[in-house]
Structures are given as structure tokens and as C-alpha cells.
Amino acid sequence: MAKVQFKPRATTEAIFVHCSATKPSQNVGVREIRQWHKEQGWLDVGYHFIIKRDGTVEAGRDELAVGSHAKGYNHNSIGVCLVGGIDDKGKFDANFTPAQMQSLRSLLVTLLAKYEGSVLRAHHDVAPKACPSFDLKRWWEKNELVTSDRG
């Protein structure tokens, strides 16, 4: 099967943080998320990076390609997905591990430096969702992980 060729992103103006909306017991990664996205009719995984429960950062869609993670913003942004984000009852919860949050901070520092002028955004900043399940601005500025009340 031929590898899918995606359009290259002309500019990178934002880095979006998402969650997979999975329970803490579900230690999924790029392979599973790719399968879910393909089952929805997508050509590949929509995120550029996935951060597993143990903090491992996995590459998803090619970093330079247009993603499929934030409608209306895919053409000029990168998508980073944290595995987790809901509790056992399906309610949004900032249940990410310290290893995930450390990896997220490191990755975001790298991406923001690489794509100078880009801004950090949560999926819920541009869509009526609770994703990524926490207050990104508060975490980024104060290192406080608080479940999001947006959605």
C-alpha cells in the first residue's frame, strides 16, 4: 500500500494541546489512535504527537504536514495529544501523569522555539469541547494541573 502524502503546512501559527478522552487504565498510543481515526474515515492519525501515560512521546502525522485535530486551524497548526483525560465514568478529568506533563512541557518548549511566533492553544479555545480536560494557560504559567470547566 502506498504511503499517504499530506499537504505540507505553509506556516505554523499555533500549537494545540488535546486529550485522547480515554480512561487512565487505557494506555494507548499512536497505533491505537491511528486505528480509531481511520475507522472514522480519516487517512491517518490526526495528531502530530501523542504523549503516552509513561511520558513517551510518539510521532503521529508527519510534523510538517497539515494535521486533522482542530477544525479551521489544521492548515497552520500542530496537534499534540495527551493520552487520558476522562475518569472511569466518562467525565473529563485532568488525570494525566507527572511524566506526561513533564514530556508535554519539554515538547512545547521545543516546538514554540522551533516555530517562532506560534502560540499555545487548547482545543477548547476554538471548539465547544472540554478537551484537553485541563486549564492549559494556568498549567503553562503556574504549573498547576486543574481540570477544565470548559466544554
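The count begins at 1 with the first shown residue.
Backbone N, Cα and C atoms are what each Cβ position is placed from, and that goes for glycine too.
According to Swiss-Prot, the features are:
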- 11-132: domain 'N-acetylmuramoyl-L-alanine amidase' (DOMAIN)
- His18, His123, Cys131: Zn(2+) binding site (BINDING)
- Tyr47: site 'Essential for amidase activity and zinc hydrate coordination' (SITE)
For Zn(2+), what surrounds His18, His123, Cys131 with a Cβ no more than 8 Å from their Cβ centroid?
-> Phe16, Val17, Cys19, His69, Ala70, Cys81, Ala122, His124, Ala127, Lys129, Pro132
Which same-chain residues, if any, lie at least 6 apart from His123 (Zn(2+) binding site) yet have Cβ under 8 Å of it = Phe16, Val17, His18, His69, Ala70, Lys129, Cys131, Pro132
Confidence summary for the domain 'N-acetylmuramoyl-L-alanine amidase' (11-132), mean pLDDT rounded = 95
If you skip the near sequence neighbours and keep only those at least six away, which residues in the chain come within under 8 angstroms of Tyr47 (site 'Essential for amidase activity and zinc hydrate coordination'), Cβ to Cβ?
-> His18, Ile33, Gly60, Arg61, Gly67, His69, Gly79, Val80, Cys81
Enter the number of other CB atoms within 10 angstroms of the CB of Cys131 (Zn(2+) binding site).
-> 25
